[in-house]
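The block underneath contains the structure these notes are about, expressed in structure tokens.
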Amino acid sequence: MQSDANLSFIEKVFHLKEANTTIRREVLAGLTTFVSMAYILFVNPQVLGAAGMDKGAVFTATALSAILGSILMAFLANYPIAIAPGLGDNAFFTYSVVLAMGIPWQTAMAGVFASSILFLLISVLKLREIVIDSIPRDLKLAMAAGIGLFIAFVGLQGGGLVVASKSTLVEMGSLTVPTTWLTIFGLIVTGLLMAKKVPGSIFIGMVLTTILGLFTKLIPLPKQIISTIPSMKPTFGVGIAHLPDLANPQLWAVVLVFLLVAFFDTAGTLIGLAEQAGFMKDNKMPRIGRALMADSISMVGGAVMGTTPTSAYVESSAGIAIGGRTGLTSLVVSIMFALAMFFSPLLSVVTSNVTAPVLIIVGILMAQAMKEIDWSKFEIAMPAFLTIVGMPLTYNISYGFAFGILFYPLTMWAAGRRKEITPIMYILFFIFIILLYTINILPAK
Ligand SMILES: Nc1nc2[nH]cnc2c(=O)[nH]1
């Protein structure tokens, strides 16, 4: 009786029959997506820790924002798409905003909070279609691919494979450094698992690399495995408390870039996953507003708790590939994140050599967007190329955006395709000139 009632409740909420799926398949898909993305629990504290944030607090904020986002995605939009803090955003936060621009993490978090409110407004006010359609598809693809290269570059450095050089800026790291071999091991193992399409490859690769590190004593043993959930006190509400810092115009540029990354990453990923799952109708994604709302609400929650913007995760494609079609998949992901919150002591064993292969491989997944860019037209190829290489080579996602947005109207104009340039692209052209001034010229004065 009881289980029948549960069944009809699940059917009523998630419409499994209509989606031609079963509870068993959805649970399996949820577990697959979870193991594909569970690394973020350890990678996010590692990256944001480099910006000076408390790793334990970031761990909890990461889990809670993933739980919130994935539950909202399940119940608001009924999609098998999981949400968690994105690697693109956290890398931009730490390496570009905090370390390169010298902005304290507390102030940068105020920027994340402000952009999350703007994202929420765009989603609620139905401006989203106008915004999504305003940026040309080739540039959106280039943005995703550039973020992929940027993340991979961060991973190559963190893992010791690429180091600084006085004469050539970068060079290959020394193979005599023992910890670099952990990165190489992780990269080979994870790469082989990915190529064999093993579900949860990234997670398994991370576990095997950590075990090798523990055996070889390159990674110290953890004191315990399970513990109570770390407090969020060091990060909770800090972004809100620092909102007055936003008076600094340099931060407006940061807010805009967070907004662009968060919005276009999620919108692009949602559409890509919807195409994979066969959800698209007349080239549009049904309920995209609800899906964006799920992400923007969890982004607001994450910014309050102490983590960088959440994003619809590309790794959801693993669960979709094995048949996940409804929000039940996302609900399973959030339940798994809730259980994982008790494993925070493992934070100490997941070192930068363990996370480096993850960054490189997620970079590869994101760089796949490049294949759909129309390289045959120079007026497209130039802004797209500059967007892609601009991000890793300037070590800053916003410069990549700027190069693409500044060159696109110029080359399209010269190619006689000015009718295709949307008014918003002209507005962004001027905004990005101001942005370059505020993040590059102004600080140097
Ligand atoms: N779409 C997307 N998926 C991710 N998976 C891990 N990080 C990211 C990210 O930044 N964006």
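The backbone N, Cα and C atoms fix where each Cβ goes, glycine too.
Annotated in TrEMBL:
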TRANSMEM  27-44  transmembrane segment
TRANSMEM  56-77  transmembrane segment
TRANSMEM  97-121  transmembrane segment
TRANSMEM  141-163  transmembrane segment
TRANSMEM  175-195  transmembrane segment
TRANSMEM  202-221  transmembrane segment
TRANSMEM  251-271  transmembrane segment
TRANSMEM  292-314  transmembrane segment
TRANSMEM  320-343  transmembrane segment
TRANSMEM  350-370  transmembrane segment
TRANSMEM  382-411  transmembrane segment
TRANSMEM  423-442  transmembrane segment
Original post:
Taking residues 6+ outside the transmembrane segment (292-314), which of them lie with a CB under 8 Å of any CB in it?
Top reply: 33, 37, 44, 48, 53-54, 57-58, 60-62, 64-66, 68-69, 72-73, 76-77, 81-86, 88-90, 92-93, 109, 112-113, 115-117, 119-120, 122-124, 128, 232, 234-240, 258, 261-263, 265-267, 269-270, 272-273, 362, 365-366
**OP:** May I ask which of the stretches 175-195, 251-271, 320-343, 382-411 has the most CB pairs under 8 A with the transmembrane segment (97-121)?
**Re:** 251-271
Subject >> Stretch contact, the transmembrane segment (423-442) with the transmembrane segment (202-221), Cβ-Cβ under 8 Å, 3+ pairs >> reply: no
Original post:
With pairs closer than 6 in sequence left out, are the transmembrane segment (56-77) and the transmembrane segment (350-370) joined by 3 or more CB pairs under 8 Å?
Top reply: no
**OP:** Look over the recorded stretches 56-77, 141-163, 251-271, 382-411 and say which has the most C-beta pairs under 8 A to the transmembrane segment (320-343).
**Re:** 56-77
Original post:
To the transmembrane segment (382-411), which of 56-77, 175-195, 202-221, 251-271 is linked by the most Cβ pairs under 8 Å?
Top reply: 251-271
**OP:** Residue list, the transmembrane segment (56-77) vs rest of chain: Cβ under 8 Å, 6 or more residues beyond ends.
**Re:** 13-14, 37, 40-42, 44-45, 48-49, 83-85, 229-236, 287, 290-291, 293-295, 297-299, 301-302, 305-307, 310, 312, 327-331, 333-334, 337-338, 340-341, 344, 347
Original post:
For the transmembrane segment (141-163), what are the same-chain contacts with Cβ under 8 Å, counting residues 6+ beyond its ends?
Top reply: 47, 87-88, 91-92, 95, 170-174, 177, 179-180, 182-184, 186-187, 260-261, 264-265, 268, 352-353, 355-360, 362-370, 372-373, 383-385, 387-392, 395, 397, 400-401, 404
